[in-house]
Amino acid sequence: MHSISALLSLLGGLALSSAAPTQNITSDAYFYGQSPAVYPSPEGTGTGSWASAYEKAKAFVAQLTDDEKVNLTAGVSSKTGCSGFIAEIPRLNFTGLCVSDASNGLRGTDYVNGWSSGIHVGASWNRTLARDRAKYMGQEFHRKGVNLLLGPVVGPLGRVAEGGRNWEGFSNDPYLTGALVYETVQGVQSSGVGVSTKHYIGNEQETNRNPETVNGVDVASVSSNIDDKTIHELYLWPFQDAVLAGSVAIMCSYERINNSYACQNSKTLNGLLKTELGFQGYVITDWGAQHGGIASANAGLDMVMPETTLWGSNLTTAIANGTMEASRLDDMATRIIATWYQLNQDTDFPTPGVGMPASAQSEHQVVVGTAPDEKSTLLESAIEGHVLVKNTNNALPLQTPQLVSVFGYDAKVTDSFDLASTVLGTSPLFQNYTLWVGGGSGSNSPAYVIAPLNAIQQQAYEDGTSVLWDVSAQDPEVDPTSEACLVFINSFATEGYDRSALTDDYSDTLVTNVASKCNNTIVVVHNAGIRLVYNWIDHENVTAVVLAHLPGQDTGHALVDILYGRANPSGKLPYTIAKQASDYGSLLHPSEPQTPYGLFPQSDFSEGVYIDYRAFDKDNITPQFEFGFGLSYTTFAYSGLSIEKTNETTSEYPPSAAIQEGGNPRLWDDLVTVTAEVQNSGSVDGAEVAQLYVGIPNGPVRQLRGFDKVLLSAGETAQVSFSLNRRDLSTWNVEAQQWQLQSGTYQVYVGRSSRDLPLTGEFSI
């Protein structure tokens, strides 16, 4: 949360006149040059699959007046429910652009589904499911005339354990996040809807994300201070995968990067994104994230949302007075129109925002976004993000118990749901109800919500059994004949605020109260991020624990399928759960303003690449549940590790090649192949996520560099194969400004999680 009272106290001691740098800094001039300048902004080249789209776009833009070009670069108000809108150009049959939230379903409208959130997809560790979910979700956006989906999220990457938006992203690991964002981009865009991968870059906390005026004093956005090596090996990594997948837009974020605002940072926009990664699409602001006028255009920004007072006629004035080149405006317009052609939105695309009025309660055309063929994927995506972390004496699956008792506020659905209320500050909505999604612009508008209690009651109806429930008391009465007591709690998070803690006393007391009266207490946690469990995880009567994350509208159906054994849990943690909050060290809380930087809050990423499991490994800290951990109703055995180098004449640096989408294409050359065998050694069919970790010389102990989810019948064995490309095995050389293969021995680990790795080997380069 924003520590306003603490900030007021801090500002009380700040001199508002010029001060020495060793005291209170009062001018941002102190920070000039910390983010290197990269100019001019590169023009889109139409490389690869973009060639035809760019040819058409250039012909289109050549017909535009300067005012029409300018109008393409900023949003305007509209009568639609689109989050943002680019005005139409009727004389050229350009119908405008509707851009809308969110990464887990269309928000603020009706007749659409509420899909599982990013953290849930991350916990599934399933590439195919990620793509299918994205494809069907994109089709819903298409039917509603949405040109651009505002997502997926790969920043934040989960650096701060209490980060308020971590749940919108896939995981705390760049490789897993990159693999899943690649599939998501491809899936959504296969439907003819574009994505704007966000929030670029280093957007790792909500605290001080926007400038504020406190007690009459202006306070800038927090600055994420990241060195070049760290930005490449962690935070840029998944964006590179998104660009490689063809992401047509990238959304720049609110914060400053090395003390330059993200939406006018020429190093990250012109240098990293448009030059190094060869990005061909356009850069769009987060809402209200533009802080400079012509400077932001020259730095590589292409589109402002939801509107702007800093551009408009100022762009043409700047061209006239020489402070901006006419070619920059042409490139901005060309990039935007090229995406329209790239996605074939010039042909048979619905009217932008059709069936989406500004107010869902006003009269409007019925446009059904949902479709019958997506239902199985909707349910499967809800199922696979559940992670079973404890299951003593096979407490799960339930064996048709005659009496189940249900406790906890999270078991029931909300009394009402207002489609228009889900922007910021929705925590009261979920304090006493089941959590299917987090809060903020990343929330969604479900067609329905099947709460756990409803689904359990339906199961009892079908089985001819009984359910007792008390979902309001913290210390409920328990029928002593209950065969199982299910306790439902949650851990909410939202845009706009970081979490105040990773536990809460009310929920923990509820769990221990029930467990003291029931010797088969099963805890289900719907968690929008890391949730610590040390207060009750070792209680002898807590027999099973399911981290249910954010499943979307099919939450109850998915959970009951797992509880009753129709589905075998296969989720794995996409983050590390510590034994105690202090184990996260300096990365537990967001950075707060401190003297001498009270007016310019600083967040120093001094830990480098050591976040989440990398930090736990480095400091030899034993977690409660490690990254990649998750139980099943069956068991899996590993054997037969094989490591084969596929390129014996590997150079230290990648061979030179023309930059394409994603950067130097030689980064994707496969160098090593690792194979292993996985056997379902139990008696139940199930899916296992085989994980490959590599220890690169002079780097972290191990880093995820491959995973393969395989469905195996009881007793079945399958081979898993991992291809390691040049980027997978390289580290960023700051001096050479290239990915470099280290000389030495590379350690290889294959297994069930980041700390359960029965197969080990090595190879040398």
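From the backbone N, Cα and C atoms, a Cβ is placed for every residue, glycine too.
The signal peptide annotation in Swiss-Prot covers 1-19 and is backed by sequence analysis.
Using a 10 Å radius centred on the Cβ of Asn24 (N-linked glycosylation site) and all shown protein chains, the other Cβ atoms total 19. DSSP assigns Asn24 (N-linked glycosylation site) to coil, not to a helix or a strand. Annotation source Swiss-Prot lists N-linked glycosylation site at Asn24 (among others), citing sequence analysis.
Residues annotated as N-linked glycosylation site in Swiss-Prot, with sequence analysis given as evidence: Asn71 (among others). In the three-state DSSP reading, Asn71 (N-linked glycosylation site) counts as helix. In this view, Asn71 (N-linked glycosylation site) is surrounded by 20 other Cβ atoms within 10 Å of its Cβ, with every protein chain counted.
The annotation N-linked glycosylation site is assigned in Swiss-Prot to Asn93 (among others) on the grounds of sequence analysis. Note on Asn93 (N-linked glycosylation site): other Cβ atoms within 10 Å of its Cβ, all shown chains, come to 9. According to DSSP, Asn93 (N-linked glycosylation site) is assigned to coil rather than to any helix or strand.
Annotation source Swiss-Prot lists N-linked glycosylation site at Asn126 (among others), citing sequence analysis. Take the CB of Asn126 (N-linked glycosylation site) and look out to 10 A: across all protein chains shown you find 24 other CB atoms.
Annotation comment: Swiss-Prot describes Asn258 (among others) as N-linked glycosylation site. Taking Cβ-Cβ distances under 8 Å and a sequence gap of 6 or more within the same chain, the neighbours of Asn258 (N-linked glycosylation site) are Gln34, Ser35, Ser223, Ser224, Asn225, Ile226, Asn265, Lys267.
Annotated active site per Swiss-Prot: Asp286, in sequence order. Secondary structure at Asp286 (active site), as computed by DSSP, is coil.
Reduced to three states, the DSSP call for Asn314 (N-linked glycosylation site) is helix. Long-range Cβ contacts of Asn314 (N-linked glycosylation site) within its own chain (separation 6+, distance under 8 Å): Gly293, Ile294. Annotation source Swiss-Prot lists N-linked glycosylation site at Asn314 (among others), citing sequence analysis.
Look at Swiss-Prot and you will find Asn321 (among others) tagged as N-linked glycosylation site, backed by sequence analysis. Within the same chain, no residue at least six positions away from Asn321 (N-linked glycosylation site) has a Cβ under 8 Å of its Cβ.
Residues annotated as N-linked glycosylation site in Swiss-Prot, with sequence analysis given as evidence: Asn432 (among others). Here the Cβ of Asn432 (N-linked glycosylation site) has 14 other Cβ atoms within 10 Å, regardless of which shown protein chain they belong to.
Marked as N-linked glycosylation site by Swiss-Prot on the basis of sequence analysis: Asn519 (among others). Asn519 (N-linked glycosylation site) is surrounded by 14 other CB atoms, counting those within 10 A of its CB over all protein chains shown.
Per Swiss-Prot, N-linked glycosylation site is recorded for Asn541 (among others). When other Cβ atoms within 10 Å of the Cβ of Asn541 (N-linked glycosylation site) are tallied across all protein chains shown, the result is 17.
The feature N-linked glycosylation site is assigned by Swiss-Prot to Asn647 (among others). Around the Cβ of Asn647 (N-linked glycosylation site), the same chain contributes Asp669, Asp670, Leu671, each under 8 angstroms and 6 or more positions distant in sequence.
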Candidates Asn24, Asn71, Asn93, Asp286, Asn541, namely the recorded positions, that fall within 10 Å of Asn519 (N-linked glycosylation site) by Cα distance:
Asn541
May I ask which of the recorded positions Asn24, Asp286, Asn432 is closest to Asn71 (N-linked glycosylation site) if we compare their C-alpha atoms?
Asp286
Distance between Asn432 (N-linked glycosylation site) and Asn93 (N-linked glycosylation site) at the Cα atoms, whole Å?
49
Is it possible to get the count of other C-beta atoms within 10 angstroms of the C-beta of Asp286 (active site)?
23
Could you round the CA separation between Asn541 (N-linked glycosylation site) and Asn126 (N-linked glycosylation site) to a whole angstrom and send it over?
33
Candidate nearest Asn126 (N-linked glycosylation site) in space, where candidates are the recorded positions Asn24, Asn93, Asp286 and distance is Cα-Cα:
Asp286
Taking just the CA atoms, what is the gap between Asn93 (N-linked glycosylation site) and Asp286 (active site) in Å?
28
When DSSP is mapped onto helix/strand/coil, what comes out for Asn258 (N-linked glycosylation site)?
coil
